Amino acid sequence: MNTLMKKRFLVLNGPNLNMLGSREPGIYGSLTLADIERACRGKAATLGVEIDFFQSNHEGELVERIQAALNVVDWIIINPAAYTHTSVAIRDALLAVNIPVIEVHLSNIHRREPFRHHSYVSDIAEGVIAGLGADGYLFALEAGAGRLAACAAHENP
Ligand code: DQA
């Protein structure tokens, strides 16, 4: 899929992440989502990959973006936010498109309330990064791009 074009990442963000910067800064830090998007775009340029960056407070919109990624996107990086702990619909959409996914959380959800310890995404993800703030998104981009480069080297030795 998508072998000649630049590899494409979809970076998805769930509810209330549009309020980063002012939202519980002791937990989520002081960066805004726009700051994180800028950092992701810079990292993507360095890695030579394309990114789509999207946030929604609505589960259905996130499901629709995942569905639209079919045959277009090579890796999904998702911070499902509160939907991490509730959304069978997002899990099913990720399974339906069968695109490798990395789950990212700004905070370490395992250090927090017990209801945050379960994720509907973790067991279907290639990897999970939690607790490293915005750097988690950048590490996820690096990891995905590294896997794609390794696949390309294997296919065209
Ligand atoms: C979060 C953790 C979730 O439990 C919470 O609902 C969020 C953000 C994080 O990035 O740490 O909204 O996904």
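A Cβ is built for glycine as well, from the same backbone N, Cα and C atoms used for every other residue.
Under the heading site 'Transition state stabilizer', TrEMBL lists R23. For Y28, the entry in TrEMBL reads active site, proton acceptor. Marked as substrate binding site by TrEMBL: N79, H85, D92, L106, S107, R116. The active site, proton donor annotation in TrEMBL covers H105.
The Cβ neighbour count for R116 (substrate binding site), using a 10 Å radius over every protein chain in view, is 17. Annotated pair H85 (substrate binding site) and the residue listed as 'active site, proton donor', C-alpha to C-alpha distance, rounded: 12 Å.
Less than 6 Å separates the Cβ from ligand 1 in the case of N79, H105, R116, drawn from the recorded positions R23, N79, D92, H105, R116 in sequence order. In this structure, the CA atom of the residue listed as 'active site, proton acceptor' is 6 Å away from the CA atom of L106 (substrate binding site).
Neighbour counts of Cβ atoms within 10 Å were compared for the recorded positions R23, H85, H105, and the top value is held by H105. The recorded positions close to the residue listed as 'active site, proton donor', defined as a CA atom within 10 A of its CA, are N79 out of R23, N79, D92, R116. Each residue contributes its Cα atom, and for R23 (site 'Transition state stabilizer') and N79 (substrate binding site) these two points are 16 Å apart. Contacts of L106 (substrate binding site) defined by a Cβ separation under 8 A and a same-chain sequence distance of 6+ are given as L20, I27, Y28, G29, N79, G131, L132, G133, A134, G136, in order along the sequence.
In sequence order, no residues are near D92 (substrate binding site), counting only same-chain partners six or more apart with C-beta under 8 A. Each of the binding-site residues N79, S107 was ranked by the number of other C-beta atoms within 10 Å, and first place falls to N79. Of all residue pairs in N79, H85, D92, L106, S107, R116, the annotated binders of substrate, the farthest apart have Cα atoms separated by 24 Å.
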